[in-house]
Amino acid sequence: MRDLRDGSRLRRAHRQLHGATRPAHVGLVMDGNRRWARAAGYSNPSLGHRVGAERVEDALRWCEEWGIEQLTIYVLSADNIRRRAGEQVDYLMGLIETVITEKVLGGSGTWQLHVAGDERLLPESTAAALREAMSRTQGRPRHLTLAIGYDGRGDVVAGVRAALLECLAAGPEGVGLEEVASRFDADLITRNLGGGPVKDIDLVIRTSGEQRLSGFFPWQSTHAEIYVSPKMWPAFTGADFAEALVHYARRNERRTA
């Protein structure tokens with residue numbers, strides 16, 4: 001029955017999106033894994049994270065089907081790494097090393113991996129697995145950024161620092177602070193932020209009904225539309241994704257009218 005309903009919703013979304021503007025860059029805050037597992041009767045709620053990790057492959061496929069070239073996924077914040085018990089973090093890192101990287105390396109073979117976040121917070125085995133996946137996917141046409149050990153404010157600070165160093169390197173020796181400051185603009189900072197080549201996020205989708213961004217790419221999401229789904233991430237479907245795109249198209253139409 002659910003498949004029939006989802007099929008009907010997908011057909012309706014296809015009609016509504018015909019000729020409509022679609023986002024080039026989608027951000028995904030995949031929340032609610034543990035709550036989904038508890039509701040599903042799992043004795044270990046952490047198993048919800050495994051199901052959620054498996055669904056990354058679905059998210060990539062949905063983007064391909066709708067012609068979306070860049071996807072940024074909030075996997076694990078720096079605060080979550082610091083707050084969670086050690087065994088929970090180890091389990092999540094294991095999923096990143098195996099399930100998530102395998103989904104990126106496999107599938108359609110069209111996604112280049114980028115990682116945003118503080119690598120120093122990751123075990124060396126996790127960091128090495130991500131570096132290898134980034135190397136093996138170089139040159140692919142679509143871009144997937146995984147935010148792991150990510151802190152929104154820290155990302156902006158790092159971008160400003162990198163922009164400052166770029167200005168100093170480009171100027172003459174002994175260049176003054178006032179001259180460096182005069183070269184600063186938003187584009188310079190944007191260029192030095194982490195993630196894939198397309199920085200501005202058009203649509204942020206958050207699952208689980210939570211009405212907050214949790215520090216998700218604050219600079220890059222400045223002009224993004226926000227879509228909150230009540231579904232937990234493991235229960236989120238292709239029809240739900242399509243309806244988020246319909247929401248974006250309607251909002252974009254109002255904004256440009």
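Backbone N, Cα and C atoms are what each Cβ position is placed from, and that goes for glycine too.
Keep in mind that TrEMBL annotations are predicted by a computer and have not been checked by a curator.
Per TrEMBL, the features are as follows:
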type: BINDING; residues: ASP31, GLU225; note: Mg(2+) binding site
type: ACT_SITE; residues: ASP31; note: active site
type: BINDING; residues: GLY32, ASN33, ARG34, ARG35, TRP36, HIS49, SER77, ALA78, ASP79, ARG84, ARG206, ARG212, LEU213, SER214; note: substrate binding site
type: ACT_SITE; residues: ASN80; note: active site, proton acceptor
Protein Cβ atoms within 10 Å of LEU213 (substrate binding site), excluding its own: 17
Closest of ASP31, ASN80, GLU225 to ARG206 (substrate binding site), Cα positions, recorded positions only: ASP31
Secondary-structure category, per DSSP, in which ASN80 (active site, proton acceptor) falls: helix
Densest Cβ neighbourhood among ASP31, ASP79, GLU225 (binding-site residues), 10 Å radius: ASP31
DSSP three-state assignment (helix, strand or coil) for TRP36 (substrate binding site): helix
Between ASP31 (Mg(2+) binding site) and SER77 (substrate binding site), the C-alpha gap once rounded to whole angstrom: 12
